[in-house]
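This report refers to the structure that appears directly beneath it.
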Amino acid sequence: MNIHEYQGKEIFRSMGVAVPNGSVAYTPEEAVEVAKGLKEGVYVVKAQIHAGGRGKAGGVKIAKSLDEVESYAKELLGKVLVTHQTGPEGKEVKRLLVEEGCDIKKEYYLGFVLDRATDSVVLMGSEEGGTEIEEVAEATPEKIFKEVIDPVVGLMPYQARRLAFNINIPKESVNKAVKIMLGLYDVFMKKDASIIEINPLVTTGDGEVLALDAKINFDANALFRQKDVMELRDLDEEDPKEIEASKYDLSYIALDGNIGCMVNGAGLAMATMDTINHFGGNPANFLDVGGGATKEKVTEAFKIILGDEKVEGIFVNIFGGIMKCDVIAEGVVAAAKELELTIPLVVRLEGTNVDQGKEILGNSGLAITPASTMAEGAQKIVELVKEAK
């Protein structure tokens, strides 16, 4: 789960991580009122959407007066911001963060991520702040430094100091940087985060160290014990189909293609998408119905897939272990009848109760194309979609 920058900074502030003074605004008038409560001088007006690259897309403005704050707020609110992370459709700006500007001396990158290679949380840092860290990793990987954190003892102060020295934070600011790193690790562990990034972390002309950005992603599997985090969820920033899927414990991610996929198991779902691509198709979604799908759940899955107007065909690929093929077949038939399905549908069933499942499909009277293997099914749905055009 993602949250906005201003929400992340509120969490940082509560954990002792230094951030600029500021607050959220939903109207130009509110933006001016926020600015009035800040130190006079330079104000920063930042669009709040769940995507990076806002600065390059014109979503961050520097104002030198209250009139400019109001002008920029009017310009940004309601604007559709297109960044490299939003896709061409962009995202509408519905709120702003207005905060004090600062005298930036140097920018750095700081992040905490889960490293599956070491089964540990890793602290990452670079003196190339303000730049996409992926670009730094590709062009100058030697400028990225890492500290693997022992899960038993946590982040040790000496590790934070070592990283601070490695990324060339001035000696007089190291202790403040170390305090921020220890505070961020506290946030990461206590809030069940999956990633925390500050880009940039800055040193200022008056010797302060501040987090000018705040990106926090949370582990969705731990949200049941993070009620305060759940309250920060902004449904306006999420795909309505993904929201609907979460109500039925379906794992759904919208993609750009035209072939809908319904699969059980994340690994099989990814393999299915790869196979569709191999035969010249383009998946419209990732949808994992899980191992405990019911007839009703399958019907809802179909509704979600068909809620995407780009979908021109559906491939159902099920391997029945805990999941029973006859239950899937009943759900597929019920959904196809209820929704009056008119686009091509290919179904591949294998595993528990597969014969009963195939019999249900065969006796349904519907135009369902069976497949014996994943490759056959993927090839058939790609061909049928092309023929239907």
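A Cβ is built for glycine as well, from the same backbone N, Cα and C atoms used for every other residue.
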Check your understanding: Which single residue out of Asn264, Asn277, Asn363 does Swiss-Prot record at the substrate site shared with Gly321, Ile322, Met323?
Key -> Asn264
Point to revise | Mean of pLDDT values spanning the domain 'ATP-grasp' (9-244) | key: 93
Point to revise | C-alpha spacing of Asn264 (substrate binding site) relative to Glu107 (ATP binding site), in angstrom | key: 45
Revision key, fill the gap. Least crowded of the binding-site residues Lys46, Arg54, counting other Cβ atoms within 10 Å of each Cβ, is Arg54
Study note, to complete from the structure: One finds that other Cβ atoms within 10 Å of the Cβ of Gly55 (ATP binding site) number exactly 14
